[in-house]
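Some features that TrEMBL has for this protein:
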type     : residues                       : note
ACT_SITE : His134                         : active site, proton acceptor
BINDING  : Cys142, Cys145, Cys167, Cys172 : Zn(2+) binding site
COMPBIAS : 450-465                        : compositional bias 'Basic residues'
DOMAIN   : 27-267                         : domain 'Deacetylase sirtuin-type'
REGION   : 440-465                        : region 'Disordered'
Amino acid sequence: MSLGYAEKLSFIEDVGQVGMTEFFDSAHVLQDKIEQLAKLIEKSRHLVVFTGAGISTSCGIPDFRGPKGIWTLQREGKPLPEASLPFHRAMPSMTHMALVGLEKAGILKFVISQNVDGLHLRSGIPREKLAELHGNSFMETCPSCGAEYYRDFELETIGLKETSRRCSDEKCGAKLRDTVLDWEDALPPKEMNLAEKHCRMGDLVLCLGTSLQITPACNLPLKSLRGGGKIVIVNLQKTPKDKKASLVIHGFVDKVIAGVMELLNMKIPPYIRIDLFQTILSQSLSSDKKFVNWTIRIASVHGLSAPLPFIKSVEVSFSNNQNYKEASLDTQPFLLKRRTVLTETFEIFLNLKFSDGCGCLNTRIEIPFNFQDSIEGFKLDKNATLEKMRDAAIEDSKCGQNAVVERKTILVPKSETTVHAIVTNVKTFDYQLSNGDMKPMKEGLNGLKTTRKQRSKGRKRKTRL
């Protein structure tokens with residue numbers, strides 16, 4: 001969990017039990033339980049997964065109640081752990097991506113999360129199949145029209161407070177609010193209702209990395225029992241709901257889920273992160289009409305005043321090195337102003353240097369400059385373009401690929417705004433490295449097939465980038 005999030009929470013004395021002892025099943029017992037879980041998942045018709053902080057510790061995000069959890073260390077008066085990566089660059093774990101694989105196969109029907117790290121959404125779980133009970137540190141919502149805005153930067157507030165941005169819908173324009181709950185805030189009805197609905201429908205609720213202490217969320221899995229459903233808990237600590245569970249597994253979540261995926265003969269999808277930014281090239285004639293005064297700005301797609309966290313600096317160079325001096329932009333806003341001869345044409349080269357947590361150091365963008373040329377705007381099929389980029393990143397096993405997805409032009413005063421997409425992380429998973437003693441069962445457990453038709457998608461929520 002984000003250390004910033006923990007520090008923003010209002011202080012309360014009683015945060016529940018902390019410093020909980022961790023238990024580990026023996027190798028033989030763990031293997032047997034993993035096989036039992038794989039059979040339960042394969043037989044399930046409505047699998048619901050309920051997650052807590054334990055599924056994100058392998059992403060470099062500390063939990064709260066474990067031996068080195070944030071609240072444990074606070075109570076002991078010890079220094080808080082340091083996050084290994086900036087919060088906004090945390091990547092989904094093997095478990096996060098395995099859940100994506102199960103969802104795409106039609107096996108996983110719904111995910112309920114108590115985490116605010118946004119990793120389920122970032123991993124690729126569809127928004128309509130996800131309930132984030134405690135909010136999302138990267139999500140703003142419009143209280144008027146209900147639109148959601150998923151950001152690439154951590155929001156500055158928690159507690160459902162107003163942020164500095166407004167709804168982009170011209171008919172609305174209301175002030176946006178953060179979605180992360182503080183202690184006194186009630187769980188959001190929309191998320192809670194969906195979670196309750198799917199738990200009642202669930203014939204198997206799989207609880208991953210949660211101590212099941214915080215009410216009322218911790219009681220959601222129990223609702224499956226009334227319809228004959230089963231509960232499985234995978235956690236290193238004991239929980240108050242263990243006696244209600246059909247199976248309790250004490251082991252690392254990643255190891256358990258990797259073993260399940262191997263037994264089901266299912267691949268864990270790779271994680272490909274694609275970030276967006278915009279370049280704004282503004283041009284105007286000098287008073288004597290011999291020169292062009294121009295400005296280029298590299299900015300967030302979320303607004304000119306929004307931070308651009310994945311770019312550390314920008315080096316600007318030109319195709320005509322003899323006439324134009326290079327520039328280094330080291331602080332935001334990344335902005336460069338120049339004057340050039342009216343008839344001059346050239347290329348502007350932007351060497352983007354990425355921040356910590358990105359999978360590559362830099363990439364280069366080329367922007368043509370010709371004041372006298374008329375450039376038309378366009379808008380590509382964004383999803384198709386991003387899918388091609390993902391395929392290329394997987395094939396190349398590296399990041400840095402970039403593409404233009406949209407361009408808007410204004411004739412007077414002349415300007416063009418171009419939206420660029422860049423692959424900034426590629427992460428693959430090999431469960432055989434984690435569970436070398438497990439053998440895939442090609443025909444599935446008990447000879448059953450391991451894929452099912454994906455259910456039709458319900459009405460999607462308005463989530464905007």
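If you go along the chain as it appears here, the first residue is 1 and each next one adds 1.
Each residue, glycine too, has its Cβ placed from N, Cα and C.
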Length of the line joining the Cα atoms of Cys167 (Zn(2+) binding site) and His134 (active site, proton acceptor), in Å: 22
Inter-residue C-alpha distance, His134 (active site, proton acceptor) and Cys142 (Zn(2+) binding site) (nearest angstrom): 17
Cβ-centroid neighbourhood (8 Å) of the Zn(2+) site, Cys142, Cys145, Cys167, Cys172 excluded: Pro143, Ser144, Gly146, Ala147, Arg166, Ser168, Asp169, Gly173, Ala174, Leu176
Cβ-based isolation winner (fewest other Cβ atoms within 10 Å) among the binding-site residues Cys167, Cys172: Cys172
